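Participant: Feature list, courtesy of TrEMBL:
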{"type": "REGION", "residues": "1-22", "note": "region 'Disordered'"}
{"type": "COMPBIAS", "residues": "1-18", "note": "compositional bias 'Low complexity'"}
{"type": "DOMAIN", "residues": "31-163", "note": "domain 'MARVEL'"}
{"type": "TRANSMEM", "residues": "38-61", "note": "transmembrane segment"}
{"type": "TRANSMEM", "residues": "67-90", "note": "transmembrane segment"}
{"type": "TRANSMEM", "residues": "102-125", "note": "transmembrane segment"}
{"type": "TRANSMEM", "residues": "137-157", "note": "transmembrane segment"}
{"type": "DOMAIN", "residues": "168-319", "note": "domain 'MARVEL'"}
{"type": "TRANSMEM", "residues": "178-196", "note": "transmembrane segment"}
{"type": "TRANSMEM", "residues": "202-226", "note": "transmembrane segment"}
{"type": "TRANSMEM", "residues": "238-261", "note": "transmembrane segment"}
{"type": "TRANSMEM", "residues": "294-313", "note": "transmembrane segment"}
Amino acid sequence: MPVTVTRTTVTTTMSSSSGLGSPTIVGSPRALTQPLGLLRLLQLVSTCVAFSLVASVGAWTGSMGNWSMFTWCFCFSVTLIILIVELGGLQARFPLSWRNFPITYACYAALFCLSASIIYPTTYVQFLSHGRSRDHAIAATAFSCIACVAYATEVAWTRARPGEITGYMATVPGLLKVLETFVACVIFAFISSPYLYQHQPALEWCVAVYSICFILAAVAILLNLGDCTNVLPISFPSFLSGLALLSVLLYATALVLWPLYQFDEKYGGQPRRSRDVNCSNRHTFYVCTWDRRLAVAILTAINLLAYVADLVYSARLVFVRV
């Protein structure tokens, strides 16, 4: 389903612009000399240096360290694939919509690198003793921050502008879908221990809310990446509006219930962090139980705001068939 952007319009036509005001040169090494090509080279180098520095000294431990290492390796690999596709002029043979895929990936990569740039130093680097491993870890964090800025810059350069014909994922609602699914994945990571919610039906409802909204948003993204929005039994704009409205209502219930049953003693919650024995050990490579509960509450509020913005911006989209 195509998009244009006036108030914002969505269309499935290919734009000849790279989002920087100059045509994209495909199937040629000259693509790397364009601003977007140079930016992707920076992304490639910074993620490569980040995971190489960490791997050279084995400076990662536990789930948080594994997540950071996965982030840098994944972003390096996909960025390399994108560069190869553009250098070879293989966009038409790529299995996903090239109109939607690069910006979708860039947005995810920016969020991934942002999370690694925060999680790695706070849960791992600060506990390392001074020496070669710590120096490498600090340098890796710096390159992770550079990669985050580079990916965010690509999103800013290639996102839809008013009056422009573009893919849905380049619009504000499309980018918000990426944020919503990413935040939901982080929530799932924090609630991976069932004891956080299985003792209360209200908390199990919150987990169901996170899962339902994540699945619906992921479906919307996959339909656009696969250029198959016409398979829905209803119009895609109606699906998006209904999805956003339903998600706002569901997340509103979770925003009330999760903090209430996690932090209010009357409902079996634990209001003070000092009472959680898991949080007493400062030298740790994982997030303690009370901090997980607080993180989920904050992320629930963030996602609710994202869905509200999604609902508002979706009403301004104009869909056109081409």
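Cβ from N, Cα, C; glycine included.
TrEMBL labels come from automatic prediction, so no person has curated them.
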Participant: Can you tell me which recorded stretch out of 67-90, 137-157, 178-196, 202-226, 238-261 has the most Cβ pairs within less than 8 Å of the transmembrane segment (38-61)?
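Facilitator: Going through each listed stretch, the top one turns out to be 137-157.
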Participant: What is the number of residues in the domain 'MARVEL' (31-163) that are helix, strand and coil, as DSSP sees it?
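Facilitator: Counts, helix then strand then coil: 109 helix, 0 strand, 24 coil.
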Participant: Run the contact check on the transmembrane segment (137-157) against the transmembrane segment (294-313): 3 or more C-beta pairs under 8 Å, excluding pairs closer than 6 in sequence.
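Facilitator: When sequence-distant Cβ pairs are counted, the transmembrane segment (294-313) does not touch the transmembrane segment (137-157), since fewer than 3 lie under 8 Å.
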Participant: Could you give the mean pLDDT over the domain 'MARVEL' (168-319), rounded to a whole number?
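Facilitator: Its mean pLDDT is 87.
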